[in-house]
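Participant: To start, I am sharing the structure in question, which I have written as C-alpha cells.
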C-alpha cells in the first residue's frame with residue numbers, strides 16, 4: 001500500500017475528538033490514572049528516542065510496564081551505529097539505557113520487525129498505548145544523473161559500514177565495500193555527519209585502532225589512498241549545519257591541513273555581530289582559520305601534512321560524472337549557486353531582489369534569514385573517485401495503518417499524538433524529522449511520554465486490562481519469530497568486549513546476525 005499524505009493533519013488532534021467510552025465511568029478512569037492498574041505500553045525502536053521515552057514513562061508512572069521492540073538483534077540504534085567511533089563519550093548514554101532495560105517493568109525484544117512480524121494494529125490491540133520511535137532508517141536521494149554509479153554512497157550507509165551495522169557490512173546484500181584507492185573524495189552536505197565522515201576518512205588509522213570501529217573498516221582505511229576531501233554545500237558559510245566541536249576537530253586533525261578560500265568569508269565579520277552566540281563563535285573560528293596566518297607551530301604542522309580537507313560553498317550537485325568506461329565515478333558536476341531570501345510566501349507573491357544578485361554575499365545572506373540556493377547558470381567539474389551524499393536522513397512508513405507524510409518524512413502528529421489514531425504516539429526523528437542531537441531527542445521524547453501520561457490521566461486510553469507481550473508472543477511464535485532478550489544482548493555485549501580486549505579496544509563488534517544467533521545457542 002502506498003504511503004498516504006495526510007495534508008490536513010495539523011487540524012486534527014484526537015484527544016479533543018474522541019470522548020471516553022460510554023461504558024467507562026469517571027471513577028474507573030480516575031482509578032487508572034491514580035496508578036491502581038498497570039498500563040501496558042509498547043515502544044517501537046530502541047535508539048535514543050525509544051529509550052528516553054521508556055525511561056520517562058517508568059519514572060513518572062509507578063506501575064507502568066514498557067516493552068521495547070527493535071528490528072536489529074542488538075539495542076541502542078544510532079548510539080551504536082551512528083555515533084562516530086572516536087566520540088566514545090557520546091556513547092555513555094548507553095549506561096543509562098541499560099539501567100532502564102534492566103528495570104523489572106521494562107522488557108526488550110530484539111529481532112522483531114514491526115510492520116512485518118507483527119502489525120501496528122496488533123500492537124494496539126495488545127497495549128494501552130503504542131509509541132513509534134523507530135527513527136530515520138533511510139537517506140535523502142540526490143536525484144541526479146549518475147547517482148547509481150559505483151563509488152557513490154550515502155553517508156548514512158558509509159557510517160553504518162564503519163560502525164558495524166549488519167545491513168551495511170561488505171558481505172551483506174547491499175555489498176557496501178567502499179573503494180578508497182582514489183586520491184580525492186567529495187562529501188555533499190555540510191552537517192555534523194559530513195564532518196564525521198571526512199574525519200574518519202582522513203584520520204591516521206593508528207588513531208582509530210583503540211576505538212570500537214570495526215576491524216574490517218579499519219583494514220580498508222589502512223589501505224586508503226584518499227588525500228583530499230572536499231565538503232560541499234549549496235549555500236554559504238553562514239548556513240553551515242555543523243557545530244563548533246566538529247569543526248575544531250577537523251582543524252586539529254593530525255596530519256591534515258584545511259583549505260579555505262578567504263574570498264568566501266569576505267564581509268562576513270560585520271554580519272555575524274548580531275548572530276546567536278553559538279553561531280557567532282562558529283563563524284569566528286571559520287574566519288580565523290580562513291583568513292589569519294597560522295602561528296609558527298601550526299604552520300610547521302601544516303607544511304608536513306600529507307592530507308587536506310576543504311569547504312566548498314555555493315555549489316549544488318548536478319551530475320555524477322562517469323569514468324570513460326562508465327564503470328566508476330570520475331567526478332561531479334556542480335551548479336554554482338547564489339542565495340536569495342525565502343520568505344515562505346505564496347508562490348505568486350513578488351520577492352524583492354538583491355541590488356547585487358550575482359554576489360553570493362549580498363545582503364540576502366543575513367543572519368537569521370531563511371535563504372535558498374538558486375543556480376546562477378554556471379557549473380564546474382570537480383574530479384574525484386568517491387562521492388558521499390550527506391544531505392539528510394529520512395524516515396520510512398512502518399505500517400499501512402499509520403499515517404505518513406512522505407514529503408516531510410514524518411508521522412503526522414500533534415505533540416506526539418498520531419493524528420486520528422487514538423492510543424498511538426511518536427517520538428524522535430519520526431516525529432519531528434532528522435534534526436538535532438541526542439539531547440534534542442531526549443527532550444522531544446520526554447514531551448511525548450508526558451503527553452501520553454496526560455491522556456492516561458484524562459481517561460483517553462483504554463481503561464480495561466490489556467495482555468501486553470503475552471498476546472504478541474503468541475503471534476510471534478505462530479509466525480516463527482524468536483525475539484532476542486536484553487539478557488541475550490548482554491551475552492553478546494560480553495563477547496564483543498572480550499574480543500576487543502586483546503587489541504586494546506573497548507569492543508570488537510559482532511557483524512553477522514547468524515554468528516550472533518549461534519553464540520546465543522540458536
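Glycine too: its Cβ is placed from the backbone N, Cα and C atoms.
Keep in mind that TrEMBL annotations are predicted by a computer and have not been checked by a curator.
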Participant: Choose the correct range: of 327-352, 353-378, 379-404, which one does TrEMBL annotate as region 'Disordered'? Give that range.
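Facilitator: Spelled out, TrEMBL records region 'Disordered' over residues 353-378, not the other listed ranges.
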Participant: Non-local Cβ contacts of residue 78 (FAD binding site) (under 8 Å, 6 or more apart, same chain)?
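Facilitator: Residue 78 (FAD binding site) has long-range Cβ partners 47, 48, 135.
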Participant: Residue 235 (NADP(+) binding site) to residue 436 (FAD binding site): how many Å between their Cα atoms?
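Facilitator: Spelling it out, the Cα of residue 235 (NADP(+) binding site) and the Cα of residue 436 (FAD binding site) are 20 Å apart.
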Participant: In angstrom units, rounded to an integer, how far apart are the Cα atoms of residue 191 (NADP(+) binding site) and residue 429 (FAD binding site)?
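Facilitator: Roughly 16 Å, rounded to the nearest whole number.
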Participant: With residue 193 (NADP(+) binding site) as the reference Cα, tell me which of the binding-site residues 49, 429, 437, 438 is the closest one.
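Facilitator: Comparing Cα positions, the closest of these binding-site residues turns out to be 437.
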Participant: Rounded to a whole number, how many Å is the Cα of residue 70 (FAD binding site) away from the Cα of residue 234 (NADP(+) binding site)?
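Facilitator: Cα-Cα, rounded: 36 Å.
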